[in-house]
Amino acid sequence: MAVRIACFGSMNHDLTLWVPHPPAPDETVRAHRVAEFIGGKGANQAIAARRLGAEVAMIGRVGTDSSGAEIVEQLRAEGIDTTHVVPTTGPTGRAVPIVSDDGEVSIIIVAGANGAVGPSDAEDAAEVIAAADVLLLQGEVAAPASGRAAAIAADAGTLVVFNAAPVPDRSDLVLQHDPIVVVNSHEALELRLDSSDRVIVTLGSAGVQVGEVRVGAFSADTIDPTGAGDSFVGAFALALAEGADAVEAARVGAAAGAHTVSVAGASTSMPTRAQVDAILDTGH
């Protein structure tokens, strides 16, 4: 039986810009490329897990605009259950990733319908959350909503993986349910997390820290790092559910992230299992 993953989180319409460098104050910079993609940490992680073979249910909100309809259509095309994706009056969430020529990315987000996600959305999807092997949470919806989803999962014995990015206000509402936490170094400092094998710190080209163990990064030609963290989380969660320990799961996640940075876009760059396995086998 396939691993079952419930993803409670954000869905965005991404407008990605490639620029020579991020604009300084009062500076206008010409983008040399622009493209539109489905994004949002929730949607990206759901697609990542699905392409690697999990059965995935997405839980969250989109707007009543064309972007919302397109997101639902594409999630369904991936084979993701969208029963609990709720159309909400108003715009879908938006994100503007700005990718500079040195491979760095900055992202501006507008919550849109993601801002309407509340505890009732978790309660409405309680059966799906309780039946899942893993619940994925992120920081792009309000902590009271994610906290309620985490409580339902904890009561049911469902493993919770919390990607606290960005770090939400009242993150304690999720942390009190003892999730496995995935953060980057800045988020780890902000949350003041103690080192343990339940705290996974992604370090970009320096690899991943799992407690006292450093997992090395895989070599990759970086085209667009947008979504690399989401690719890591989806693959990491799937590997945990399949029985890997945190270190081995982080290695699988690192391989997924290496593929993602080599492809433009967020959701479009999520790898298949064959692509991840090839990186694990060859190191690149």
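Glycine too: its Cβ is placed from the backbone N, Cα and C atoms.
These figures come from a predicted structure and were not determined experimentally.
Among Asp221, Asp224, Asp230, Asp245, the residue that TrEMBL places alongside Asn12, His13, Asp14, Gly40, Lys41, Gly42, Ala43, Asn44, Glu140 at the substrate binding site is Asp230. Under a cutoff of 8 A between CB atoms, and with a sequence separation of 6+ in the same chain, the neighbours of Gly207 (ATP binding site) are Arg214, Val215, Gly216, Ala217, Ala254.
Spatially, by CA atoms, the recorded positions Asp224, Asp230, Val263, Gly265, Ser269 include one closest to Leu203 (ATP binding site), and that is Asp230. When secondary structure is read from DSSP and collapsed to three states, Leu203 (ATP binding site) falls in the coil class. The Cβ of Ser269 (K(+) binding site) lies under 8 Å from the Cβ of Asp224, Thr226, Gly227, Ser231, His259, Thr260, Val261, Ser262, Val263, each on the same chain and at least six residues away in sequence.
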